[in-house]
Structure formats: C-alpha cells, structure tokens
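For reference, the structure is listed below as structure tokens.
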Amino acid sequence: MNRAPLKRSRILHMALNGASDPSGEAEADSGEKPFLLRALQIALVVSLYWVTSISMVFLNKYLLDSPSLRLDAPIFVTFYQCLVTTLLCKGLSALATCCPGAVDFPTLRLDLRVARSVLPLSVVFIGMITFNNLCLKYVGVAFYNVGRSLTTVFNVLLSYLLLKQTTSFYALLTCGIIIGGFWLGVDQEGAEGTLSWVGTVFGVLASLCVSLNAIYTKKVLPAVDGSVWRLTFYNNANACALFLPLLLLLGEHRALLDFAQRDSAHFWGMMTLGGLFGFAIGYVTGLQIKFTSPLTHNVSGTAKACAQTVLAVLYFEETKSFLWWTSNMMVLCGSSAYTWVRGREMKSQEDPSPREGDKSTVGV
C-alpha cells in the first residue's frame with residue numbers, strides 16, 4: 001500500500017492547523033547545554049519575536065493611518081516593504097557568496113520558470129499582506145487581533161473542503177469560542193462607535209488568505225528546493241511586479257506626487273524600517289520555532305497578541321468595556337485551546353498503541 005499521498009496530506013493538514021509535529025520539536029541541544037543557558041536563549045528568542053512583531057504592527061499603523069503623515073497609499077506601503085525584503089534577500093545572498101563563512105544564506109538568482117511556479121502562492125501572499133495592512137488602516141491596533149481572529153476557523157473549514165479531513169468535536173468547540181469572541185468584539189466596537197465594517201471585512205479576508213497561504217506554501221516549496229528564503233525572495237519579487245499595475249490602477253501614484261513629505265528622510269526611514277521588520281519577522285519566527293517548538297510558538301503568538309492589545313489600549317489612551325475585554329479573552333483562549341487540542345490529537349495519532357479505555361474522537 002502506497003502511504004506517500006497519505007503522508008503528504010497529513011503534513012499539509014498539520015501546516016494548515018498550526019499543530020506541532022512531535023518529531024520536529026526542539027530536542028537537539030536539550031542534552032548538551034545547561035538548563036540555565038537554554039532558558040536564557042529561549043527567553044531572548046521569544047522576547048525578540050515579541051518586540052519585532054509588536055513594533056511592526058505599531059509602525060505599520062503609523063505609516064498607514066497617521067494624522068501627521070496623511071498618506072492614503074496602503075498599496076504603495078505594502079509594495080515598498082516587499083521591495084525592501086527582495087533587496088535584503090538578494091544582498092544577503094551576495095554577501096554569503098563573497099564571505100561563505102560569515103553568512104549562511106542560499107544563493108539566489110531570478111529564474112522565470114521558478115517565478116511562474118511560485119505565482120499562485122504569490123497571488124495569495126499579496127492578498128494576505130494587502131488585506132492585513134488594509135485591516136490595520138481602518139481598525140485600531142487594539143481591535144486588530146480580534147478583526148483577524150478567524151484564521152483558525154478557516155483552517156478547519158479548508159481542511160474539510162480541500163483535504164476532506166474531519167475535525168474533532170473539541171477542536172470545533174474551540175472554533176465556536178473564537179467565532180463568539182469575534183462577534184462580541186464586533187458588537188462592542190459598534191456600541192462604542194469605533195467599528196469599521198470595511199476594516200472588519202478586510203480582516204476576515206486576511207484570515208482567509210493566511211489559511212490559503214499555508215496550503216499553497218506546502219505545494220510550492222518543492223519548486224524552490226524546500227528553501228524558505230528562496231520562497232521569500234520569489235514571493236516578494238513576484239509581489240513587486242504585480243503591485244506596480246495595482247498602484248497605477250488605483251491612482252496611488254497621484255497620491256504620492258501630492259504627498260507633502262515625499263522628500264522627507266524621516267518618512268523614507270520609517271518606510272525602510274517597516275520593510276526591515278517585515279523581513280525580520282520571518283527570521284525570528286523560524287528562530288522561535290527552532291529553539292522551542294511549533295506548539296510553543298503558537299502559544300507565544302497568542303500571548304503576544306494579548307500584550308499587543310493591552311499596549312495599544314494604553315498607548316492610544318482608549319477606554320474599553322468589560323464585554324470588549326471579554327471578546328478578546330474569548331478569542332485568545334479559544335485560539336490557545338485549539339492549539340492545545342490539535343497538539344494532543346497529533347501526538348495521539350503518533351502513538352501506535354492507544355491506551356485501553358480511550359474513546360474514539362467524535363468526527364464532524
């Protein structure tokens with residue numbers, strides 16, 4: 001019996017649902033380094049992930065919706081960040097070629113055949129980063145996490161529609177908590193007079209694209225020899241080419257010509273810093289998974305979202321109701337519970353001999 005299709009389907013399902021692969025958890029250095037040193041390394045890596053991710057969100061909010069900038073060109077901001085990432089990848093590749101021992105980075109050259117192979121993923125990638133930024137433009141940073149909270153729900157839905165794989169009752173229950181938190185958050189934003197339906201719709205579309213991105217990433221990785229950095233390079237290079245006609249079609253080139261601060265070094269410095277953060281988040285995400293595990297990374301991301309929400313409320317001096325905070329806690333707890341449930345299910349599937357008395361999972 002050929003098990004290869006089953007194995008590929010299962011790997012794709014794991015990527016789609018954000019569950020950890022028990023065999024892939026960090027274990028190489030656990031027996032070699034002292035506990036204190038490992039704990040310090042993990043704390044530093046997690047802190048780096050939090051600082052990079054939160055800083056990127058606040059900086060993007062400034063670039064997209066700052067009263068002091070008054071720049072109405074979200075597609076251009078996204079295009080420029082993709083351009084910075086592309087140039088950084090190419091620069092690091094050149095540096096690795098010149099100084100092989102100093103920098104560990106794959107050799108990159110633009111192959112049009114590979115670029116065409118990556119194109120379907122690039123379209124989804126463009127949707128993901130564009131809808132993320134558009135959501136952030138129209139909603140506050142405090143509501144940003146709730147507005148994009150349906151990624152897990154779309155993961156489950158696409159698992160069934162595309163992979164024909166059922167989801168356990170407990171996993172569906174956690175999705176119900178997330179949906180409840182999302183709708184309560186929308187209701188409370190409306191009650192406070194701060195709801196943007198446009199931003200909320202963009203958040204839902206961003207969640208859908210994040211789920212689709214997981215599917216197409218697994219499909220496209222073989223075209224770039226399994227290299228995440230090559231995929232990053234081709235994704236952003238394709239995005240730059242596809243964004244140019246969008247800029248002209250939406251008339252953002254006119255907004256840039258009329259922009260009062262287009263010659264400001266501060267503005268271009270902030271734009272470049274945003275691109276650097278966009279590049280860095282991919283690196284620190286991989287670093288956090290390497291030093292912990294995919295499951296721990298998901299838990300860390302949930303805790304980071306909580307800290308980001310609190311910081312946003314404090315920074316923008318907002319006052320939120322008890323039910324508004326309840327909606328955030330429902331989303332965060334539901335996401336954490338889903339990660340925990342999926343992690344346990346994946347580990348139980350690895351166990352060839354189930355314990356006596358265990359009941360079969362209810363499939364829906």
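For all residues, glycine too, the Cβ spot is worked out from N, Cα and C.
Automated prediction, rather than curation, is the source of TrEMBL annotations.
Feature annotations, reproduced from TrEMBL:
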- 35-58: transmembrane segment (TRANSMEM)
- 41-338: domain 'Sugar phosphate transporter' (DOMAIN)
- 78-102: transmembrane segment (TRANSMEM)
- 114-131: transmembrane segment (TRANSMEM)
- 143-162: transmembrane segment (TRANSMEM)
- 169-185: transmembrane segment (TRANSMEM)
- 197-216: transmembrane segment (TRANSMEM)
- 228-247: transmembrane segment (TRANSMEM)
- 267-287: transmembrane segment (TRANSMEM)
Exercise. Any contact between the transmembrane segment (228-247) and the transmembrane segment (114-131), i.e. 3 or more CB pairs below 8 Å with pairs at least 6 residues apart?
Worked result: yes
Problem set entry | Candidates 35-58, 78-102, 143-162, 197-216, 267-287; stretch with most C-beta pairs under 8 Å toward the transmembrane segment (114-131) | 197-216
Exercise. Near the transmembrane segment (78-102), which same-chain residues lie under 8 Å Cβ to Cβ, leaving out any that are not at least 6 residues past its ends?
Worked result: 108, 129-130, 133, 229, 232-233, 236-237, 239-240, 243-244, 247, 271-272, 274-276, 278-279
For this session: Would you mind giving the whole-number mean pLDDT across the domain 'Sugar phosphate transporter' (41-338)?
Result: 90
